[in-house]
Structure formats: C-alpha cells, structure tokens
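Read through the structure below, which is laid out as structure tokens, and then see the notes.
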Amino acid sequence: MTASAPAASASARLLDGRRIAEELLDGLKLRVDARVAAGKARPGLAVVLVGGDPASSVYVRNKRRAAEKVGIEAFDYDLPQGTSEAQLASLIDELNADPKIHGILIQLPLPGIPDANRLIQRIDPRKDVDGFHPQNVGHLALREFGLRPCTPRGIVTLLGHTDQPVRGRNATIVGVSNHVGRPMGLELLIAGCTVTSCHKFTPPDVLEASVRNADILVVAVGRPGLIPGEWVKPGAVVIDVGINRLDDGRLVGDVGFDAAAQRAAWITPVPGGVGPMTVATLMQNTIEAADAAGIQDSGFGIR
C-alpha cells in the first residue's frame, strides 16, 4: 500500500518537508556545479549497506537518488548479511584513506553487529557526514558548527520555514536517542530555546505538562500515537520524527495528527515531513565535507 501524507486542517499549516528538501537540493546542485566548474573534485559519498533489510534498502535508495540529483558521486558498497565487524572496520579504513571519498555513510542498523558505535567512531570525523562521531557531537555541544547530525539539522531548517520565532521559546523534545533527541536538544539550546527533554523515565503527568507547555514540540520515539493531539499547545510548531507502519499498511507518526492539526500553527506530515530533510541535509554535509577537505589540502586547514 502506498502511503500518502495527511492533509492538515484549516488551523495548522503543513511543514512540507518534500518541497523544502527539493529547494535545498536545487541549491546544493548549484554549489556542486560551481565547484566542478572551478576545477575542484566532485564530492564523493561512500554508501555502505549490509544485508537486504527492506526499510534500509529504501532509505539507501533515496540517499543515492539525492546524491545523483545534486551531482555527488555515490560509491556503493552493498555487503552481504553476515559481514563481520572486522570486515567493516577494514572497509572504513580504506574509505578514510581514499581522497575521492569525502563522506562515509554506514546505513544503520547493522545486522549482526552488536555495537555499531565502535564502527562509527572509526570513521574519520571529517568524513562523518551523518554527524554521529563523538568528535562532531562534541563540536556541536561547544557551539562549533561542523558536520552536524542530519535529522536535527534538517529540523532546524524546517523551523526556519515557519513564521514562528525560535529564540526565547519553550521547546519540548520527546525521545533522547543519540542520533535525534540528544543532538536536537543541543541545536535548540543554541537557537535560544528553553529545552525540556522527556524520556522513558519521565512520569506521565510530567510528560503531558511538558508537551502542553511546548511552543516547539519534537517527538522522536517510534511509537504510534504516543502523544495525543489534544495535548498540543494552541499555536505550537509540531515536528513529528516518528514513522510507524500500522497493520493496515498506513504510515503514521508519534503524534495524533488529526487532533494536533486542529491546535498547532505548523505541523509536519508523516510521511513527507522530516525524512526528506534528513536526506537533503546528508547531501549538504557531504558538500561541506568536500569543501573542508579542499581547505585542508591547500594547507590552510587544521589537520
């Protein structure tokens, strides 16, 4: 069954991630074209997929299409189920040393690999275009923008397409994953928000109160309908990162969309909200990594 994005009510305006991502990709293509016209190397992105998980294959296909659209050269590494951690580590070492590769993407989860963090930490931080390496997250914590985690950075871009201020607002993040919730808190702190993070140990009454107080609500848990739409503060901006497939084949988020759309000023659809922005931001990071590599190669960068 093909999922389609829900339509917002008259109360809320849709934050159309597909449209905004396309605009971002169009601008990135101009950057790549200008780079190549100036005689610089075309940005190169290594895409590593292990096994044949259908969801992972779809995500990787979307990323490869985006790379082709903007003119990034994608180097595909489709590895069989059962590929060992040692084999992946050896591949990462090769990619780290390859000057044609400016970005390395390891599609998660990695089947049969109990601790993917060891492999993430093996990636050269300058090629970590997912923004997951501890060094890059540390730079974000210090307000030193470099390669930032893609989903939070994409959400910041989405927020910039609303008519709502960010600075001085109350922001609530539900979910504290290393790849979304935690760096999202850093992004919103840097943007000037007062940030509340909720997680599995947050008492239900505190969760509800935190959601009701949020001018900006970001939910990234992966549980359909976790946040009732009736909890949404009138006039809030709702960013629903969750994507969940129901038994009837529909894709839904973590927030009750219909009720939330009656109260929010802006809301992301599921699908078609955050996901396309994550992919577009990955391309943005890859181009920035290529630009930074050129500075380092010229002798003006810090190695």
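Just so it is clear, glycine is given a Cβ too, placed from its N, Cα and C backbone atoms.
Copied over from Swiss-Prot:
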- GLY175, VAL176, SER177, ILE243: NADP(+) binding site (BINDING)
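In sequence order, ALA220 make up the list of same-chain residues 6 or more apart from SER177 (NADP(+) binding site) whose Cβ falls under 8 Å from its Cβ. The Cβ of GLY175 (NADP(+) binding site) has 22 other Cβ atoms within 10 Å, all protein chains considered.
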